Structures are given as structure tokens and as C-alpha cells.
Number of protein chains: 2
Amino acid sequence: MGEQLAGMKRTHMCGELTINDVGKNVVVMGWVQRRRDLGGLIFLELRDRTGLIQIVFSEQLSKEAFDKAQHVRNEYVLAASGKVVKRSEENVNPNLETGNIEIYVNEFKILSKAETPPFMVEDRNNVSEAIRLKYRYLDLRRPSMQKILLTRYKITRIVRDFLDKNGFIDIETPLLIKSTPEGARDYLVPSRVQPGKFFALPQSPQIFKQLLMISGFDRYYQIAKCLRDEDLRADRQPEFTQIDMEMSFVEEDDVIALNEKMIARIFKEILDIDLEVPFKRISWQEAMDRFGSDKPDLRFGMELKNLSSIFVDSEFKVFKDAIDNGGSVRAINVKGAASIPRRQLDELVEYVKTYKAKGLVWIQMSDDGPKSQISKFLKEDELTQVLNTMEAEKGDLILIVADRNNMIVYDALGHLRLEMGRRYNLIDENKYEFLWVVDFPLLEYSEEEKRYVAMHHPFTAPKDEDIEMLDKNPGQVRAKAYDIVLNGMEIGGGSIRIHDTELQKKMFKVLGFTDEDAEARFGFLLNAFKYGAPPHGGIAYGLDRLTMILTGTDNIRDVIAFPKTQNACDLMSDAPSEVSKEQLEELHIKVDL
Amino acid sequence: MGEQLAGMKRTHMCGELTINDVGKNVVVMGWVQRRRDLGGLIFLELRDRTGLIQIVFSEQLSKEAFDKAQHVRNEYVLAASGKVVKRSEENVNPNLETGNIEIYVNEFKILSKAETPPFMVEDRNNVSEAIRLKYRYLDLRRPSMQKILLTRYKITRIVRDFLDKNGFIDIETPLLIKSTPEGARDYLVPSRVQPGKFFALPQSPQIFKQLLMISGFDRYYQIAKCLRDEDLRADRQPEFTQIDMEMSFVEEDDVIALNEKMIARIFKEILDIDLEVPFKRISWQEAMDRFGSDKPDLRFGMELKNLSSIFVDSEFKVFKDAIDNGGSVRAINVKGAASIPRRQLDELVEYVKTYKAKGLVWIQMSDDGPKSQISKFLKEDELTQVLNTMEAEKGDLILIVADRNNMIVYDALGHLRLEMGRRYNLIDENKYEFLWVVDFPLLEYSEEEKRYVAMHHPFTAPKDEDIEMLDKNPGQVRAKAYDIVLNGMEIGGGSIRIHDTELQKKMFKVLGFTDEDAEARFGFLLNAFKYGAPPHGGIAYGLDRLTMILTGTDNIRDVIAFPKTQNACDLMSDAPSEVSKEQLEELHIKVDL
């Protein structure tokens, strides 16, 4: 066992000591980062949350301390008492914040010994992520990981402070709730008290925050854990954290204006960047038409153009057929990419196929004029019009996608635009381009389920002027929904909600719920609307993603203290795990493999 | 459907308007609390989070508004625009904060209609709790409920602010964790990805906060949701909230001193009470000896006295037998209760039996001298010594309990003391008597499990000087544990933790774990200790109970927005509920009734 503190008190954190502390007797505590022996001297770098300080042992200072220091190894935990001394010019370590001072130790304790760790605690190690996650407690000692979690904390502090000053109150909503499957898959929790029944873990506090508005709390927020049992993509976790808020007596502009102020404050305090508000605001339709995406990256141009009008009466069947069947022909112009090798063009064809496009037409603006694999199918006039529309110049590469399904055209060209932007280094990594995408469609048709599903969720209000289309033309109805997009990533989204029983019932009907089904699942919400519900709306941000952006990491596991793998496991504690027969019996369930 | 806001903006909250706003044109929004018609005038009281304001409609002000106001009923949601007017002297309503003003309405909108609610939204209603919980969104509109949740929020804000200024950082720990049953029952979550395996929901972030200390975060806090699947007592909920903190490089005094400052600040800011710090500190043994409780209520005396030495050689077998078998004879003195009716004395005998005492001996200090049911068994000398020890005076009632098991003596007399304190009005409800109970036993013997179990949890460190007793005399080992007690309630508890692999292993062994079992359940923690663990300790408070104290309610469901019943149900949404066969199939489980 290590020694006891026995009344020894820390006076300073390691990284906080400066040249102004020279001459003081101090006590520091921390982990040994590095050890060097030099004749009759032992130098240790001691690490805590704030940084490193060099502590020095010599026989002259204390024979006892010097002898004990012989046994100290990396990651030992020490408490050291001694005097702060200025280093001589030649001994200054410019790589250390505290590199111009050191502590001459006259007494110290070994609070905890350490075996040789499976990897060095330093930022530049080449350890596999699996090993990092298994020894997460060591991985978290690395300064870069400490900094990320500290930044995550700072973001929440700024958010809480901002919302508090704006009249929001933090109210906790329950974790054990009713399962109302619509959207992602619920995590379930068997009830012991009510055999055969289950709770669900919340996918979001959505319904509860609406009920809080109906309860008159006026402005609610919560930094809330949410859970979805989905197959994990690289940037998803089974449990994630939302900055969640809701406001009463507001319309879209109110929510948007308040949130711009909040985001501007976060970016100012964390990155010292002054964002220009208000942010740009474009409709979903415009975002799709210009960028082929509902979360466009505005850091570069290369916008989509619609070529459909050129080919309405074309003899080129592929294009005409797409247009005749409700689709379109659209293109982007990649400046300076005309001389792209044929092999790479073939790769691009494969690339757009992953987004369900059937093919890709290119026009290379070579020195000898435009070259294309479909030259022989196009009339002179058609080609000219295309080049004019695309503002094509020598050296450009025009990439065209046509499909009967407009969403495939958007999706393929939207991704192609991003891919070409990256390949041709058009994206300024230091830019922060915010925008609001508004006027989303309320519904989208699910081919899989053969019915309309809510684009955001079933509680999103339709635009007032579109309500009358709900019956006859639901696909055309726009929503009072807004997403906040940064550099091509959706960082938050919200809407004004339905606050009327009849409208909510109609919405459920359009989504294909029977009255009984709607009542069984959401009856309590429908009931709540009956007793006076204020107009209300809100927004939720993914805190994990926001932290990723603000700390410059592209690994979601780096911003969570104890994350799960993509297989939803905790490699450190080995969860999930088998449980005892007695536990399952008490819950009235059986494993059924 | 109600009318739309359509750009109408609220200028003031209802309760914020004052006489200084007279003459201003304002827009308020809220719920109709009350409606009065008076000739050509309609008076509505409009309610929002901040309070009530009277709004007035007349034909002269606006015929259109007046006509529409005819249709308005209680709980309708309105937006009203008009001028603030001073009320004439005779119309001032002294029961309303804003009772000296009103708004003359020239335009208003009915944002939402309301059916007649199942109960009136006001503090004094006699609605059953089941109805209140079913219509929780209406119950939460009552000013008293709004105030409680606002106070709860203020407490968390004070805590966060205090801890932030003291270098703590809020780090989220996971909800889906490994099941390591020891103590209460875990809620389980079946894994879909790993058939037959389960996550548990956290009973506390205990292990994770210790790992964060091992990770070098130095000071951690979290306001954390915790879950226990236990049969609910009146003051328990399946999910509850802890104010949870942990510090590195500290000893008991450090944690205690910091927490006294925090508690003092909460009481100052919420109740404007200046608490005297440091709080009293007494050992567990002293608490039991003097008050028969490890959470003594210090608002009154009536302390226990040990009479055992008087009866060591007594001929009264009941007492002697208790003492000979390791037990004791103890008593309290209820001043002025000598003339208690015999029937009530009999009730007290029944009362102590609920705490497993076999009987209760009384001595009534009547005008004719001491009277007792055991007079004939006691020697003159014994009686005299008892009366001297108890400082008995005419009019007093001495109540004596003897048992072979000291814990039964403590428990029976401790509860009897509280009961008599209440009956004789000895408890000053306006007093806040804090104390720390320290030096708890590390272990207690469980007759049920036939083994020692941890009194706090298996990670609590033994006192340094008691470690050597762990092998031979585990029941005598004291812990570095501390509970903070207020007015007889434990509001928080914590300890310095074990931070050494070998000591932790020994602790598991004393608790009867095999090496394999300890490794399978807590191997990751034992491993973590190997790579340099700092001394650390912390504390956790029940936020729900703290809020109950600070808002003066004795119903835990009043301090939680959406609570469960004692049967762990949500009456509003009707959770838990049955789920689909498909959901269970995906999780590889079957209901087994």
C-alpha cells in the first residue's frame, strides 16, 4: 500500500506555478510523467489536470527523499513538498509551460505505486482504439482527452448560464417512460412489479417538454441523456446527450433569434470567434436545389444547376425519360478538373451509384473543346445551352445526374459536390459557415413502410397556409421546422409544435395510425391539449457533435468519458454481460436465443 | 383550432407588471384563472409562471374584444394587448401581487380553448393524488408546484455555481452499464446486439467517478439520475437524482469543510438562513449511545442513558440476561409525561415491538413517588441509581428498553425518543440542526445473508489504524465515512475510498466474494488501481430529499415533475406497458409469467 496523506495539504496545482512563485514552499501532487537521473540528481515531471512541473531530488536537499525517489517509476502518484526555484538559463525547458522553474523537494510521499502501464500516457501514441477503450482510465489521463472533456464541460456551463439569464429553467424528465415506437428503436426495461410490462428509455424528452409547456413553465431546458437502440454508424452512440429546450408563446423567428445568440456566445467563449448574426436562412427546397443537401456546406460554391428545361423535348432518352417521370437533370461544374484521368471518372460513376444514381454524365472542357461520353446523343444546341447554364470554361469538368426520382439526383450530386470539394481542396477548414434550413417538408413518403412518415417527428406543426393540403396533398405540406447547419453538419434541429388536439389527431391519421393506436400511444398528450395548450416550440442540439466541432475531433468516442464501441459494448467493464437466473426470474423474462 | 400568434409578441409576464407600468401598452399571454362578469364589463385573471394579472373587457374599449371575451372560460389560453391602468382605491385586490393595476384590453386572441378541467388549477384543492398524477400537466400549473420545481432548479444552479468555482467539472457517466449486483436490485436492459446479455441502469455513478479520479480529473461532479428497482417506501422513487461529487488528494476533513460551505450557501440563498459552520461532528457510536440513531434529530434533548452498569449483578433477570449476552439496558426520560394514561403506555409497548424490542419498562414519577410495572423486581438501590442516572424529577416518565442485541435497544429507544418528541411538541420546526456523523462501522453483519455486508458500499476505506482488524475482527473496523444529517434526516453521505488493489481485494474477501467473483464483477476497477490511483473521496446528496426540506413538503412526488407511484407506475402515460412481440424478439427475450 502507498503512504497516507496524513494531513499533508496540496498548495498548488502543477501547471499553475509560475516564475512569480519562486522562493515559495509549495506542496504539489500528481502522477510521474517522466524520470531522468543525472549524477546525484533525480528529475521527475509531475502531472496533474493543469499541466506538468519538474521536481528535483538530490542528496544535499534530503538524503531520505533522494533515496526514496530512486524507486519511483512512471505513473506513480506522489505528494511532494519543496521550494520553487528559477531554472538557470541553459536548463529552461521551452516545451513546458512551467519550464523556467522547478521544485527542490525536501519531503515527499509515494501515495500509490504503478505497474508499467500498457501504453505511455501522452498524446502522441499509436495505441489501437480498442486498447485505449479497455484502459479508458489511462487514456483519459492524456492531456488532449482532458482538454476535450473540459471543453465539453465549458460548453454546458455557457449554455446553462445563457439559458438561465433568458428565463429558462432546467427540469428533469423521466428515464423510465412508456414505449411509443415511432422512429428509432427503443431500449426496453422489464418491469418487476408489473409482470410482462416494460418501460422504454427516452429517445428524447420531446413529449415531456411539451407537457411542461402545457403546464405553464414557459421556458424549459435540459441537458438530457437520450438513448436509441440503433445499429451504430461511426458518429453515433447508443446513449447521447441533447441540449434540449422549449419555449411557450413563440414562433419560429423567436426560437431562431435566441439560439443564434446562444451559439454566437459559445463560439466566442470557446474559440474566441465572432460569428456574424443573424445566420443565413434558406428553405429546404433551395438547399436541395443549390446544394443537393438539407445540410449544405457553404464553405465553397460548386452549386447544382437544373438542366431539365433544356431536355424537355430531347431525343436523348435517359434525360427525357427522367424529366417525363417527374424527375430532373442537374449538374455541377468542377472548376479546373477537366483533365481528370479516365480511371477517376469511372470511380466517380461508381461513387454516385452508392447514392442510387444509375449513372453519371461528364463533359470535360478540354483544350480541344467539350468531350463527353454522350456527345453523339446531344444536339449541338443542347450542349451549348448546358455549357451556358453551367458557365463552363476551358478546364472545367461538368458532372450531370438524371433520374426519375429527384431525391436521387439531389443526393448523388450533393455528395459528389462534397467529394469534389474535398479532392480539389476547396474547403477552408478555418471557416465556420452557419445557416438555418427552414420550411422542411412535414412528411416524406416511406417506400419501405408504404406510408408517409414524419420528417422530424409527429408533433411538428405544419405551416398555417399548408394545413388545408394535409388531406389531399400531404407530401406538399411544409413544416414549421428549422435545422441549424454548420459546415455541412446538422448540429441542431427543432420546430414549432402542434398544440391542438384535432390537428394532432389529423397528423396521426396522415401517418397511418388508427384512432385506437394514436389513443393508446399518445392519448395522454392528446388529452393534455384539451385543457389549454400554449403555442410552443423548441430545439435540440447534439452535445456530442457540438463538442466534436469545437474540439476539432472527428471521433465521437473522444468526446464521451466512457463511450461504447460501434458494437454497443463497453470494453472497459465488459458490458453488457450475462446476469443471474434469479435476476431474470424476478423480472418475469427468459432469454430466448 | 385556436388563433395564431401571427407575429404578436409578449412584452411582459403577468406577475411582473407593477404600478410603474401604468400607462404602458403591453401584451401579456397566459391561462384564464377566473372570470367575472359585471354589467358591461368582463374581468379575467390571466395566469403565467410569474403570477396573475386582471384584464378587463368592455364594449367601450373594443366591442369586438368584448364580444369574443363572452366565450372565454377557465384555462383558455389568451394573448391580450392593452393599456395598464391603476385601479381605483375600492377596486384594489389585496390578495393579488398585481392587485392595484389591471389591463384594459383593446385586442386579444384565443390561442387555445379548454374543456372544463377535472379539477381547479389552484393550490387549495382536495383532489386525490391519483387524479393529480393522471393529469400531471394540470397539477403542475398550480403555483405551489411551480414554486417547488423552480426551487429545485435554483438548488442545482447554486450547486453548479459553487462547485464550478471550486474547480469541479461536470462529467457525464454512462446509463448503460454492467450489472454488478451488491446492495439494491438493478434495473436491467436487454442487449439486442449481444443476445442473452444485459446492461444495468446505474444505482449511482460510484465506480465511474472513482475511475475519473484515477484518470486525473481531480474534482468531478454530476447531478445524476440513479435507478434502483426496490419496493418503494413513501419517500423513495425508482429513479432519483443525486448531487454527486468526488475529489482527489483529500482526506475526510477536506470533503467535510467544502460541503459545509456548499450547504451553507444553499440555505442562505434559498431560505435566507445563516447556518453556523463548522457543523457539529459526532461519531456513529456516540450518535447511537446518545440518540439511538445514526441520523439523530438534535432539535431536542431526551438523550438515551446507559443503565447497564446498574444491573450487572441484578436479580431482575430480563435486564441481567440482556447484559450478560452482550446487550444493554438503556432509557430515556420524557419530562412532564408521568401522568400518561395507561392505555397510551400500552400503545408505547406495542410501538417499540415494531422495532423488535421485546418490551418496554416505564417508571412514572407520580406525586406519590415512582411507579413502575417492575417495582417489585427492583431493589431500592437499583431504582435510586436509575432515577439518579436519569435525573428523574416529579412528573417525568422514564422509558427503559433492554435487549441482548444493542441495535434493537438503540433502534427502539431512538424511535421512541422521536415519537415522544413529536407527541410532547419538543421539536422546533423552524430550527435547522445539522451534524456530521463520522466513524461509521465499515461492515455490518447480515443475519439474512450470514456474512458481513458493507455499511456504505464496498469501496469505502477503513480507518488506517483499524485496517489490521479486518481479518480477525471485521465488525470492529471503522470506516472513513461521513453522513450529513439534518433534523433527523440523512441528506448526504460519503467516504474516503480505497485506492489500493490489495486492500480492495481484501475488502471483497471480507464481504465473502470469491476471487473469481470479485474479478468478474469489479476486475476493471481492481486493474485501474494498479496504474497509480490518487487518494480520493466524495459525497452524494439526494436532490429530491434536499428539495423536500427546502420547500417544506413531505411528499417526494411533489418535488419531481413526472414521478412514479409507489407501485412504480406513471399514471399519466400509463407506463410500464405491454410491448410488441417484434420488440421482444429483437431483444431475444420472452415474457415468462
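Backbone N, Cα and C atoms are what each Cβ position is placed from, and that goes for glycine too.
Binding of ATP is attributed by TrEMBL to A:Arg228, A:Asp229, A:Glu230, A:Gln237, A:Gly542, A:Leu543, A:Asp544, A:Arg545, and the same site annotation extends, among A:Glu286, A:Glu490, A:Glu586, to A:Glu490. Check TrEMBL against the ranges A:98-101, A:206-209, A:278-281, A:346-349 and you find region 'Aspartate' recorded for A:206-209. If one looks beyond the region 'Aspartate' (A:206-209) by at least 6 residues along the same chain, the residues whose Cβ comes under 8 Å of a Cβ in the stretch are 173-174, 177, 180, 220, 222, 244-246, 457, 459, 522, 525, 538. Under DSSP, A:His456 (L-aspartate binding site) is assigned to coil, being neither helix nor strand in the three-state scheme. Across the range of the region 'Aspartate' (A:206-209), the DSSP-based residue counts are 4 helix, 0 strand, 0 coil. Of A:Arg228, A:His456, A:Arg497, all annotated as binding-site residues, the residue with the shortest Cα distance to A:Leu543 (ATP binding site) is A:Arg228. Between the CA atoms of A:Arg228 (L-aspartate binding site) and A:Arg545 (ATP binding site) there is a gap of 16 Å, rounded to the nearest whole number. Listed in sequence order, A:Asp294, A:Lys295, A:Asp483, A:Ile484 are the same-chain residues six or more apart from A:Glu490 (ATP binding site) with CB atoms under 8 A from its CB.
Across the fold, the C-alpha of A:Glu230 (ATP binding site) and the C-alpha of A:His456 (L-aspartate binding site) stand 17 Å from each other. The highest number of surrounding Cβ atoms within 10 Å, among the binding-site residues A:Arg228, A:His456, A:Arg497, A:Arg545, is found at A:Arg497. Cα of A:Arg545 (ATP binding site) to Cα of A:His456 (L-aspartate binding site): a span of 18 Å.
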